[in-house]
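Peer 1: I'd like to ask some things about the structure below.
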Amino acid sequence: MSNTEFYDGIQTAEKQARRSHRLLISLIIVLSMAVAAGAFYVFRQIEHQMSLHAAAVSDNRTWVIAQLEVDLAKFSLAMSEAVLSGDPADHLETVREQFDILYSRVLLLRSSNSLRQTGLETRAEWLLLSGGDGLLEQYIPVIDGPDEGLAAALPEMITRFADIRPGLRTGVVEAVFSIMGNGDLLRANLRDTLRMFAAATLWLLSGMAVLTLGLFLQSRSRTKHARALEFALQNLRTTINSALDAVLIVNGQGRVIGSNRATVSMFGGKLETARPRLSEILREGDDGSPSVSLTTLRPGMRFRIQGVRLNGTSFPVEASVGTGRTVSGRAITVIFVRDISEQIAHEERFAQARNAAMEADEAKARFLAVMSHEMRTPLTGLLSALDLLVRTTDLDDTQVWLSDIIRTCGTTALEQVNNVLHLSRMGSADAGQYPVSTFSLTQTLRDLVRQFQPDAARNETSVEFVGAENDVLGVSLPLQLLNRAVANLLSNAVKFTEKGQIRLELSHWPAEREGWVAIQIAVQDTGIGIAEKDLERIFENFETLDASYSRVREGSGLGLGIAKLAVGELGGHIETQSELGKGSRFTLFFEAPLAEVEVAEPAPRALPAVPLAELSVLLAEDNAINRTLITRQLEGLGAIVTTAEDGQHAFDKAAEKCFDLILMDVSMPRLDGLSATRLIRQKGACRNVPIIAITAQAAPERQAEYLAAGMTDVLMKPVRIDRLVEVMCQHARRPDKVLRDGHCKDAGIKTDMPLADDSMVESLLEDLGVDFVAKTVETFRLETDKALVLTRAALAERDMEQVRKLAHSSAGAAGALGLMALNRVLLDQENLAIAQDERKATMIQAYVEELYAQSMRHLGEIISKAKASALIPEEASIG
């Protein structure tokens, strides 16, 4: 089948369909007329026959009923003649004959429905005549008896039958009239039914007429549609022949039976002339791989394969598949083929460019990692050495002045490195991976103000926070982004404001989204200001203002750009107002979900003279300068420092001895800090010891990786000694630190955690009931009393394994009851027992017993209150 045959077949089928449709309409019209004529004739015949039948039936029923009275009269007349003749014997047979006729008539009427319809059967005379004990039944023995008996009974019978004749005659007349009336009614109903039949027939004929009209109109529409289809086929033929893609029509045997003009140029000849198999011109590959067959093709498929020209050369193509049927119902497959040689070449060039870009990104990431470590590390060492110099050496005025210059230059250089790292991080593809924190926005902004107040004071500038005094405003958002945005704005304001004032203002209101708050943070200064023409470009990277900014203060021009990017990551924006010579106002707008937080008033942190006395610290740092500086600083504060130059060395020492705290650099040779931490957490004496990461790699996902590896906290380089001491005091596990007066009063253990998690205890009381919890607490008291006695005995015998088991068991029970402080100190004792530290495990026992007593008193108070509340009726607690 060629292309022409294919399209001509479609047109021929359409013409045949039109002819068939016209013939169908003609047949419907003829059939409708025949149905109408036949219905009319049948109607007339039915009406005539029903009339005749009704008359016959009516006449028969009235005659039968009327004959009853005639038969009764004949019977009475026969009896009278027999009596009057003087010789009754000659007339008795006639009497018996008339009696039988009357009896038969009565039986016929009793078995007929006509009697019920007339009401005759309810009359007393009829019942007296034909009832079960009526006259007929009474005189049957007499009629059937001897003549003498019948002759003797005739006078009585004449009298009794004569009594019922008038009433029976009246009933018969009424019955005849009733039957005639019913017949008239039935005939009227029949006529109505016939009329309804005629109406239904007319309605049917009307419907058929309407249907015929509809078919006629549809025929006209189909004719127009056929013409439109013919034009569409012509247009389709033109379109397919004009298409740039090759179109192949394949029959059920897999041979190409039709194609368009593009096929000639693509495959090098007319395929419908050569009629090749599909498998001969389409292959999976150009290396002899399997060919394409109809069994593998599905409608809607798009795939890339190799096309084979008639001369045997191959080229890449993309094909899509459709299916259809010919006029005769045979299945065909239509395949659209596109030469994608140029597209493949473009894709290869694009892939090469993409790979090059990815390699460049990887190189950039490696460069940033190196810069983060190699550039920040010496700056950290410089600032740490300066801090140690100032703390441990008496400097004269000139030396103090020079040290201030060193600190300022070093801090500025570190700030520029941090800005470049932040900018690169926020411009990367994973910029949205900052962890979300829940915190008090008000407290965070107050902390930022306190952070910048010392630097501002050097410029004789005040920095103050303006906001509601007792407003906590708990929110959930990436804290790092918020700090980055606000800190850069504050840093900018401090840098360009001298002898002035800086205000950090916070205002907020409910957002449109339920549970969210709209936040406005403004940084306003009385500095040198910005010209209106420069307000847009100051947010561009590496932009500084030639007139005032660049000459008054040094800067890389990245701070405002980073602030803008950070606010953008928060889903907000920055607005700027400034007047040259009078100051600037930068306002951040964004929204955040509300959260519940508890903020404690920050207590003044006055470090004692020896805050880390006897604290055993393992310091893992590969840089010798940093290792020496941190060691000197910690030893100056009373700590006992053991050093390791790489991760492997740190793991070996942590396996041998239980330290109070481990400071772990992340990037180290042989074994990095993450791997060392994982090994320490798996086994050894320090598997439960806090490990603080010290790193210059500030990316949020890296911090999450550190914590996931088992590190307790992350400390960013450069390490300031006050911040280092703060973190160490927060996490150090030192049960012997406060044993100087003979019993444990370690502030870190007693105040870091409350005696009990009251909300957890209340939840237990609510879920399990007061009585059940009280019984459980009593069981815990008995078992713990016994465990404490056994622990003292085990300590005396130096049985650390027994101490570990007892502490572990008691710690689990305490945690289940919400006794968090007791749980914590028992875990401390368990770790000391694991480390075989008999001295510390013994010294902490006194505090365990003291804390146990306090915890039991606290639990008793909570349970007593719960029992008292349970005794109060519900009505008493309302309002």
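Backbone N, Cα and C atoms are what each Cβ position is placed from, and that goes for glycine too.
Annotation source TrEMBL lists domain 'Histidine kinase' at 370-594. Taken from TrEMBL, the feature domain 'Response regulatory' applies to 616-732. Sequence annotations record features per position, and here TrEMBL assigns domain 'HPt' to 769-866. The 4-aspartylphosphate annotation in TrEMBL covers Asp665. The feature phosphohistidine is assigned by TrEMBL to His808. Under the heading transmembrane segment, TrEMBL lists 23-43.
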Peer 1: Excluding near sequence neighbours, so keeping only residues 6 or more apart in the same chain, what lies with its CB under 8 A of His808 (phosphohistidine)?
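Peer 2: Once residues fewer than 6 apart are set aside, His808 (phosphohistidine) is near Leu826, Glu830.
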Peer 1: If I take every residue in the domain 'Histidine kinase' (370-594) and average their pLDDT values, what number comes out?
Peer 2: 78
Peer 1: Going by DSSP, is Asp665 (4-aspartylphosphate) part of a helix, a strand, or coil?
Peer 2: strand
Peer 1: Take the domain 'HPt' (769-866) and count its residues per DSSP category (helix H/G/I, strand E/B, coil), listing them in that order.
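Peer 2: Helix, strand, coil within the domain 'HPt' (769-866): 87 helix, 0 strand, 11 coil.
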Peer 1: Using Cβ-Cβ distances, find the residues under 8 Å from Asp665 (4-aspartylphosphate) that belong to the same chain and are at least 6 apart in sequence, listing them in sequence order.
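Peer 2: Residues satisfying the criterion: Ala620, Glu621, Asp622, Asn623, Asn626, Gly673, Ala693, Ile694, Thr695.
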